[in-house]
Amino acid sequence: MMRHLISAADLTRDDAVQILDTAEEMARVADRPIKKLPTLRGRTICNLFFEDSTRTRISFEAAEKRLSADVINFAAKGSSVSKGESLKDTAQTLEAMGVDAVVIRHSASGAPYRLATSGWIDAPVINAGDGTHQHPTQALLDAFTMRRRLVGRDAGLGQDLAGKRITLVGDVLHSRVARSNVDLLHTLGAEVTLVAPPTLVPVGVETWPCDVSYDLDGVLPKSDAVMMLRVQRERMNAAFFPTEREYSRRYGLDGERMAKMPEHAIVMHPGPMVRGMEITAEVADSDRCTVVEQVTNGVSVRMAVLYLLLGGNESAVSHTRTEENK
Amino acid sequence: MSKILIRGAQVLGGEAQDVLIDGETIAEVGTGLSAEGATVIEADGQILLPGLVDLHTHLREPGREDSETVLTGTRAAASGGYTAVFAMANTHPVADTAGVVEQVYRLGQEAGYCDVQPIGAVTVGLEGKKLAELGAMHDSAAGVTVFSDDGKCVDDAVIMRRALEYVKAFGGVVAQHAQEPRLTEGAQMNEGVVSAELGLGGWPAVAEESIIARDVLLAEHVGSRVHICHLSTAGSVEIVRWAKSRGIDVTAEVTPHHLLLTDELVRSYNPVYKVNPPLRTEKDVLALREALADGTIDIVATDHAPHPHEDKDCEWAAAAMGMVGLETALSVVQQTMVETGLLDWAGVAERMSFAPARIGRAKGHGRPVSAGEPANLTLVDPAYRGVVDPADFASRSRNTPYEGRELPGRVTHTFLRGRATVVDGKLA
Ligand SMILES: [Zn+2]
């Protein structure tokens, strides 16, 4: 395993499969009456959030606590980018306090990479989302969800997503989720297609390991999973598309469109969902939609990442862990 | 003042000759000149150039003396072989009045390392709304001839047109920082393959090219001359080439860093590579070198942009844009242009001294190396190889992208009107 988790692109296929397998073990802990492991007892992890994200922070915090780590939450609201010194200063404070790992969320792309490589701090750095760059644990939990649904919970162990056809729909340009997912899904052998209006696809996308289409209806029948990305209403004012209605008509997922997907295909969303523009209530509430599972899986995947980066060699779940998973 | 004999230097890279400096001027150029009464500098294997002229320097004084002052900046310039620099107007206060430009000019004279020719702002406060007192700045003791809102683009087409027309009265030139502001909102780096991957806001080439296209057409329409600052894309080269072929009076500059570095370096997220215009692609770099070689791009200008450590030791988005460049410019040009066979030393003299002096109407600079001319001279050892160590810089700031890189060539001597400002590679 690597020392930090900054980008989904840094993971090899074997790294990624190991994380997903470990996450399956972690998921079993959640089924027990006492949902806690002693693995990271005595270790201190700081959740360093320069950008609000209650969902991601709570997910990491739950993962950390289930592994018995001591948790420090540091929210540096509003101070983020205007004066850059704050990141370095904060890092050095955390270093002085002897934290064992830093989970960082930042509005600036590259901030976690800077933190990990500038010598400001020694501890492992886990990227919890940076600007429009990467959100690797989100990609891992998405891949975990897909593997469970499309390959199987037990059948999936040791497996990747070879041959699965995954479609990501929406604001690719501003989406760290899209970037992380394209990298990871490709590494796991899936075929990825991005669907968006041309204004929301980055210049330079042609080098990404995926296809790009502007036509959702054409892609849906060939999709094993369709992941809807968040589209912020502000984008409309910046002329990325003419009106909300037009966006919905061309790129929104409603019941009629969902019916074009194969029987087994699932609908995903990183949440929080804004029902209406990108996804209708009918789709969001259908049993093909995995939004709630994604939240649950997020905790298991983050436990796995923390364990693998911090846990060293001992077994994560000593009494349930079997030889072949080591 | 005493006599100095430079013995056996290759003048502009040609045959070895002796050059005798007497007082402020070159007394004689020839072979076997008498050393009587003169200090002798043995210059075997060295290249003698006219003192370099930088049309694009940020000296930061007044206002940001923690980054650079006129004194430290001109010491850096002398170290890099320069005898004249044009100081950009984006200081605090902005150099948009006769008072500020005279102050900067005077500080340069007092420092004595290099002539400082202030550039005046085109518009009041660089705000792009109202013309600054261009005539008053020209008539001041500073004798301003170059006007620029550099750091910002004069994006209003009417203001740009008026500025171009107005400075015709006194032979001035408007130096444009070509950046369409709406197309570069939130821009952090070159828009392309790398920005797509890194998730950094893109600065598209077309934002530069569209302004250049507009401005050459404006210059043609009103019969003025326009200078394009730090050209950075292959497309910009095409537009300037077309404009020149059409007889439009346009000149253009390229920075050393745009001749050597590409946006691939941004993958490090190290803000030392953050600069405006941003580092572009390999294809752009090669086009810029070609254009500098064939004369489409007239000059090399440093865009020396000093910043204190804390403004770069942070995350990319928060970091200041710019690089220091005065002390490494000639080495980068040697590596990218001379050692690639694109340009000989006479070509370097043209693009780093004669032409910038001509564009900026710098008196006494960019003159031939011949008897009777002001002794503004630079002696270079092209065989030297060294690793860049910012600790050696005379500039107050150390934000160089070349730290740890090996670059060729070294300025051994610089003379400003016969007085050595650099001797054996060290400031005098
Ligand atoms: Zn500029």
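Glycine is treated like the rest: Cβ placed from N, Cα and C.
Keep in mind that TrEMBL annotations are predicted by a computer and have not been checked by a curator.
Taken as a whole, the domain 'Aspartate/ornithine carbamoyltransferase carbamoyl-P binding' (A:3-147) shows an average pLDDT of 91 in this prediction. Annotated domain 'Aspartate/ornithine carbamoyltransferase carbamoyl-P binding' per TrEMBL: A:3-147, in sequence order.
For A:ARG55 (carbamoyl phosphate binding site), applying a Cβ distance below 8 Å and a minimum sequence separation of six or more within one chain yields A:GLY271, A:PRO272, A:VAL295. Feature annotation from TrEMBL assigns carbamoyl phosphate binding site to A:ARG55, A:THR56, A:ARG105, A:HIS135, A:GLN138, A:GLY271, A:PRO272.
When secondary structure is read from DSSP and collapsed to three states, A:ARG230 (L-aspartate binding site) falls in the coil class. What TrEMBL records for A:LYS83, A:ARG176, A:ARG230 is L-aspartate binding site.
If you look up TrEMBL, you'll see A:163-309 marked as domain 'Aspartate/ornithine carbamoyltransferase Asp/Orn-binding'.
The residues near the carbamoyl phosphate site, meaning same-chain residues not in A:ARG55, A:THR56, A:ARG105, A:HIS135, A:GLN138, A:GLY271, A:PRO272 whose C-beta sits within 8 angstroms of the mean position of the site's C-beta atoms, are A:SER53, A:SER59, A:ALA128, A:GLY129, A:PRO270, in sequence order.
In sequence order, A:HIS135, A:GLN138 are the binding-site residues from A:THR56, A:ARG105, A:HIS135, A:GLN138 with a C-alpha within 10 Å of the C-alpha of A:ARG176 (L-aspartate binding site). Within 10 Å of the Cβ of A:ARG230 (L-aspartate binding site) there are 18 other Cβ atoms, across all protein chains. With a cut-off of 8 Å between CB atoms and residues at least 6 apart in sequence, the same chain places A:THR56, A:GLY129, A:ARG176, A:VAL177, A:SER180, A:ASN181, A:PRO270, A:GLY298 near A:GLN138 (carbamoyl phosphate binding site), listed in sequence order. The Cβ of A:HIS135 (carbamoyl phosphate binding site) lies under 8 Å from the Cβ of A:ASN127, A:ALA128, A:GLY129, A:ARG176, A:VAL177, A:SER180, each of these being in the same chain and 6 or more residues away along the sequence. Across the structure, A:ARG230 (L-aspartate binding site) and A:ARG105 (carbamoyl phosphate binding site) are spaced 18 Å apart at their Cα atoms. Less than 8 angstroms from a Cβ of chain B: among the binding-site residues A:ARG55, A:ARG105, A:ARG176, A:ARG230, that describes A:ARG176. In sequence order, A:ASN47, A:LEU48, A:PHE49, A:PHE50, A:GLU51, A:SER53, A:THR56, A:ARG57, A:ALA128, A:GLY129, A:ASP130 make up the list of same-chain residues 6 or more apart from A:ARG105 (carbamoyl phosphate binding site) whose Cβ falls under 8 Å from its Cβ.
The local packing around A:ARG176 (L-aspartate binding site), expressed as other Cβ atoms within 10 Å of its Cβ over all shown chains, amounts to 23. Other Cβ atoms within 10 Å of the Cβ of A:THR56 (carbamoyl phosphate binding site), summed over all protein chains shown, number 22.
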